[in-house]
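J.: Dropping a structure here in structure tokens format, bear with me for questions.
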Amino acid sequence: MKIIKCEDYAAVSQKASEIVINQIKTKANSVLGLATGSTPLKLYDNLVKAYQNKEISFKYILSYNLDEYIGIDRNHSQSYYQYMHQHLFSLVDMDEKNVHIPNNDVNRIDEIAELYNIDLNKHQIDLQILGIGSNGHIGFNEPGTPLGNETFIVELDEQTRKDNMRFFNSLEEVPKYAITMGIKNIMKSKKIILMASGIEKADAVYHMIHGRVTDELPASVLQLHPDVVVIVDKLAASKL
């Protein structure tokens, strides 16, 4: 596990974007694992600028998103489908047929999880982007999630819902369930970048790096991966 300490969130995003841009330049048809939330926003902004400057193209890129809420429509403003199109896909030359975001049709959810696993097993992720929750979750793999899980349906931890409440009008509006890649899917990635910023992530970052590997802090399993880069700002790194 390689640790890169940066001054602030902008520097974290810049370092992460350099790694992603290099991956795309090296392999034009890279398979990228993508995250959502507030952490990767500046990263995606940097990638859009790199595309606009003709440094990179997404034409042959294949993307797989980590997760999606269950209980809200894809067209809902806070769905991750909308997030990805708003912040990246609609702003670059991404081919829509190469975009993979878990379908959240509640009537087919178990079938969809199985099909997503099959697809992921056919296309090994070259570079997976991760954030980390204040409770140590990656994707929506909450504390207590078996480390051998593949794509599955999860009931969201109360802390996760509170963390995400800022995107909704109230806690009641935050979905209680999601579909997410499992730890096993994530660990199959060739390379992983984990980004973290802010004092609220400091405990989770410390235990991810220095704690024992445990399903009580899902991100700790990254200690077992051969190629992980953790990029943190001063606040997130304050307990290291």
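Any Cβ shown, glycine's included, is placed from N, Cα and C.
Because TrEMBL annotations are produced automatically, they should be read as predictions rather than curated entries.
Pulled these features from TrEMBL for this protein:
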- 11-223: domain 'Glucosamine/galactosamine-6-phosphate isomerase' (DOMAIN)
- D67: active site, proton acceptor (ACT_SITE)
- N135: active site, for ring-opening step (ACT_SITE)
- H137: active site, proton acceptor (ACT_SITE)
- E142: active site, for ring-opening step (ACT_SITE)
J.: Where H137 (active site, proton acceptor) and D67 (active site, proton acceptor) are concerned, what is their Cα separation in Å, rounded?
T.: 12
J.: Which of these active-site residues has the least crowded Cβ, counting other Cβ atoms within 10 Å: D67, N135, H137, E142?
T.: N135
J.: Return the average pLDDT for the domain 'Glucosamine/galactosamine-6-phosphate isomerase' (11-223) as a whole number.
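T.: The predicted confidence over the domain 'Glucosamine/galactosamine-6-phosphate isomerase' (11-223), as a mean pLDDT, is 95.
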J.: Measuring Cα to Cα, how far is D67 (active site, proton acceptor) from E142 (active site, for ring-opening step) in Å?
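T.: Cα-Cα, rounded: 12 Å.
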J.: If you measure E142 (active site, for ring-opening step) to N135 (active site, for ring-opening step) at Cα, how many Å is it?
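T.: About 8 Å separate the Cα atoms of these two residues.
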